[in-house]
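Straight from TrEMBL, the features:
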type	residues	note
DOMAIN	3-49	domain 'Copper amine oxidase N2-terminal'
DOMAIN	59-158	domain 'Copper amine oxidase N3-terminal'
DOMAIN	183-597	domain 'Copper amine oxidase catalytic'
ACT_SITE	262	active site, proton acceptor
ACT_SITE	349	active site, schiff-base intermediate with substrate
MOD_RES	349	2',4',5'-topaquinone
């Protein structure tokens, strides 16, 4: 159950002091294997709409579903026999329940979960000790195992030595010099305010921030104050991670189905754990809770799942030293940004998502991956024993294969640059030859603008050798020089899905076929993998919507951007994975008449307290 948001035009027209808009709830209920979509007016308590979904797919799994599936698996007699054959008892096992994807008609008509088990003897990091080849398929509604596959009894369980990741003060001293504690202090307190629990104001920015059970958190009603006029100007109506797709590259019976869609199957907010102060977020952070709904309709609180803080790492937002004048001219402005952060623990992987706002009008969105690998046990304990690249990934420890896999995160970005009606423009960098030969130069690059008139025009596959900029502009709002007001999406490191388009996992996640899509705004098109993602067939995805090829020029449009990672594991990813991050930016382009940093104040020594180590610390 979520809040059914009011119509966008009504929200945009609402002003503080106006009567509140009607409050409604949107409920997805599961009854007799059918998904019921219900809208309820919360003032009257009446059902306004009721529809039974006719498409494929089921709602997100609940924690009750997961617990029931694991209970059914651990009580299955075959598991006890299989564990005993490996020298274990069921009490020594920790079992998890990954989603099964969808692979054909035999999976129709029932909600399924796959259950995998690991040895937890000697370590909390059970992910490093799989019972390879053991998979139980559970009918979630009947609470019973309907398929038991055990093909790996001859494969040893990897050892647990040196896999414990817990910190204890009595641990052996680390083989590295310790780092002294570090913290950013704000003697006058933070520069941001949070009103009514959700409305954030900082520097020249204002936006609404709320937790969401599926997306994690949603940033909305983003406006920036023009540093020249003081006007509040809209940038984005709504932005959030719409879907995550994680396919593993192994076709064995125990691996082929591992092609997870974490937002639509489990929920990024539902799996968001409390952030760890001083380690996830700095001392100056402000924390927000999420209020969600359990399977029986009761509310529950996900505490401290979002943090908001100002970041300063000694970087400059702008600097210049001029040596050509008689006296040295030296100017710099400190780069202080505002970060909204959450972290979701979806099984073995942890995803940290940052929205970072800068005073020059730029928004940087970063996804960081950490946690533990999902590994495959092998009979080999050295790469020299492996012939002809027979394994689906490199060895990361004795008897442990790190299976190659991908991560794709697709963001829904409802851009409203100076208003709802926007246009998507590709600014292609085209090589021109200097044919006339007036100078020694042979070639140069020239920007050529192409206005996307339909959805097909706007699809983008990134290429280093066909470079472009990607602008969302308001053709009705011009700068003093006549340029349309705009923001551009700036890709950084990225990866594309290489799976066959007819492969069932790729059919379901066809939203990763391009890195950029642009669609006309439609309030029913928010989830790139479809509203009902679990065991869906790919019949309600961004790819399906976009193939209607609707007009998008000078319309209320949504930009979709997919950030990707190819992960070929290595030994440094074992037994825990260091954080790997990638970003993209939303950057103003002819939005301001001049750089807003011109209005920024420098920091002086007198503005800060003098902090020195204590005498005892200095003597150490």
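A Cβ is built for glycine as well, from the same backbone N, Cα and C atoms used for every other residue.
Automated prediction, rather than curation, is the source of TrEMBL annotations.
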- line: Within the same chain, the residues at least 6 apart in sequence whose Cβ is under 8 angstroms from that of the residue listed as 'active site, proton acceptor' are 243, 244, 246, 268, 271, 344, 346, 351
Query: What counts of helix, strand and coil residues does DSSP assign across the domain 'Copper amine oxidase N2-terminal' (3-49)?
result: 6 helix, 22 strand, 19 coil
Statement: Going by C-beta under 8 A and a gap of 6 or more residues, the same-chain neighbours of residue 349 (active site, schiff-base intermediate with substrate) are 246, 369, 370, 371, 372, 374, 407
Field: the domain 'Copper amine oxidase N2-terminal' (3-49) [mean pLDDT, rounded to integer]
entry: 94
Message: Counting by DSSP secondary structure, give me helix, strand and coil numbers for the domain 'Copper amine oxidase N3-terminal' (59-158).
response: 30 helix, 26 strand, 44 coil
